[in-house]
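Input: a single structure, listed below in structure tokens.
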Amino acid sequence: MLFVSIWATGFLVARLVAGHADPLTFLTIRFACGTAIFTGLAALAGASRPREPRLWANAVVAGLLLQGIYLAGVFWSVSHGLPAAVCALITGLQPLLTAALAGPMLGDRVTRRQWMGILVGLIGATMVLAPQVTSSVHAAAPVTVAVAALATVAITLGTIWQKRSGGGVDLRVGAAIQFAASGLVIAPVALLTEDMRFDGSWEAWSALTWSVIGLSVGGMTLLLMMIGRSAVSVVASLFYLVPPVVAVLAFMLFGEALGAVQIAGLIVASAGVAITTRDRS
């Protein structure tokens with residue numbers, strides 16, 4: 001539940017920072033800070049760098065998918081008008097997509113019970129977001145929907161890639177490589193397409209601080225650890241709890257409505273995750 005609570009704040013950060021910094025510029029700073037922190041942690045621990053080019057390449061690919069493309073897609077689409085609820089619903093398809101690809105790409109068999117849990121979780125997540133999506137879906141431009149869908153595909157493939165090839169590299173070293181690779185790709189795009197705006201407001205600084213410490217260090221570390229220890233379909237199912245937690249946090253922080261349908265969706269999504277994770281860990 002700690003991972004879900006941390007990860008859910010990412011959508012709120014994207015919403016908070018939208019008016020104070022350009023999305024890719026914000027991520028460039030975040031990736032640079034993440035690189036510095038994990039490089040320092042790896043150095044303090046005396047962790048060794050990968051000795052084979054293959055291991056470097058695997059970490060780079062995982063980083064670009066899990067962080068570079070995924071985060072850029074989420075932040076860009078929200079900053080360009082895609083309602084956060086719609087973005088959360090689109091990225092909420094990740095567990096379903098992961099389960100479909102886990103077999104052919106990893107040989108990871110998804111049981112009937114897990115499929116049932118995944119579908120129940122999807123229903124619950126949809127119930128949570130239905131009120132916001134119904135009222136705002138017409139405001140979403142097709143390109144923002146497409147970018148959010150690309151982000152969903154990226155984190156799905158990144159999860160599978162990390163599971164298949166992430167072994168053999170210290171977690172701190174691997175995270176440093178992932179952040180560095182993402183920053184080196186996103187920074188030129190930000191320079192070419194944005195004004196590199198970061199207004200220095202308390203909203204911008206607080207969002208950046210939490211993004212680096214809470215999401216990049218805390219959330220990403222937990223995600224990489226879970227991918228290494230559990231079946232990817234089980235890990236992905238936890239993302240069904242993200243929309244309910246986002247709804248609760250939005251209610252607490254922004255006063256957004258939290259109705260009976262959303263509360264019921266929270267219960268249904270939790271049941272779906274319980275069904276999925278009980279079958280295999």
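Any Cβ shown, glycine's included, is placed from N, Cα and C.
The feature domain 'EamA' is assigned by TrEMBL to 2-129 (among others). Summarised as a single figure, the pLDDT of the domain 'EamA' (2-129) averages 88.
Annotation comment: TrEMBL describes 29-48 (among others) as transmembrane segment.
The transmembrane segment annotation in TrEMBL covers 55-76 (among others). Counting only same-chain residues 6+ beyond the ends of the transmembrane segment (55-76), those with a CB under 8 A from a CB of the stretch are 10-11, 14, 17, 23-24, 26-27, 30-31, 87, 91, 144, 147-148, 150-152, 154-155, 157-159, 161-162, 165-166, 168-169, 173-174, 177-182, 185-186, 189, 220, 223.
Under the heading transmembrane segment, TrEMBL lists 82-103 (among others). Sequence-remote contacts of a segment are chain residues at least 6 beyond its ends whose Cβ falls under 8 Å from one of its Cβ atoms, and for the transmembrane segment (82-103) they are 11-12, 14-15, 74, 109-110, 114-115, 118-119, 121-122, 125-126, 129, 132-133, 136-137, 139-141, 144-145, 147-149, 151-153, 155-157, 159-160, 231-233, 236-237, 239-240, 242-243, 246, 276.
Taken from TrEMBL, the feature transmembrane segment applies to 115-133 (among others).
If you look up TrEMBL, you'll see 139-161 (among others) marked as transmembrane segment.
Annotation source TrEMBL lists domain 'EamA' at 146-277 (among others).
The transmembrane segment annotation in TrEMBL covers 173-192 (among others).
The transmembrane segment feature in TrEMBL is assigned to 204-224 (among others).
As annotated by TrEMBL, transmembrane segment applies to 231-254 (among others). Long-range contacts of the transmembrane segment (231-254) within its own chain (CB-CB distance under 8 A, at least 6 residues past either end) are made by residues 1, 3-5, 7-9, 11-12, 84-85, 88-89, 91-92, 94-95, 98-99, 102, 106, 108, 110, 114, 117-118, 121-122, 124-125, 128-129, 156, 159-160, 163, 223, 262, 265-266, 269-270, 272-273, 276-277, 280-281.
Same-chain neighbours of the transmembrane segment (260-277): 95, 113-114, 116-131, 233-234, 237-238, 240-241, 243-244, 247-248, counting only residues six or more beyond its ends whose CB sits under 8 Å from a CB of the stretch. Annotated transmembrane segment per TrEMBL: 260-277 (among others), in sequence order.
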Query raised in the report: Relative to the transmembrane segment (29-48), which of 115-133, 139-161, 173-192, 204-224 accounts for the most Cβ pairs at distances under 8 Å?
Result: 173-192
Report summary line: In the same chain, residues at least 6 away from the ends of the transmembrane segment (204-224) whose Cβ sits under 8 Å of its Cβ atoms read 2-3, 6-7, 9-10, 13, 16-17, 20-21, 26, 29-31, 33-34, 37-38, 66-67, 162, 166, 171, 174-175, 178-179, 198, 235
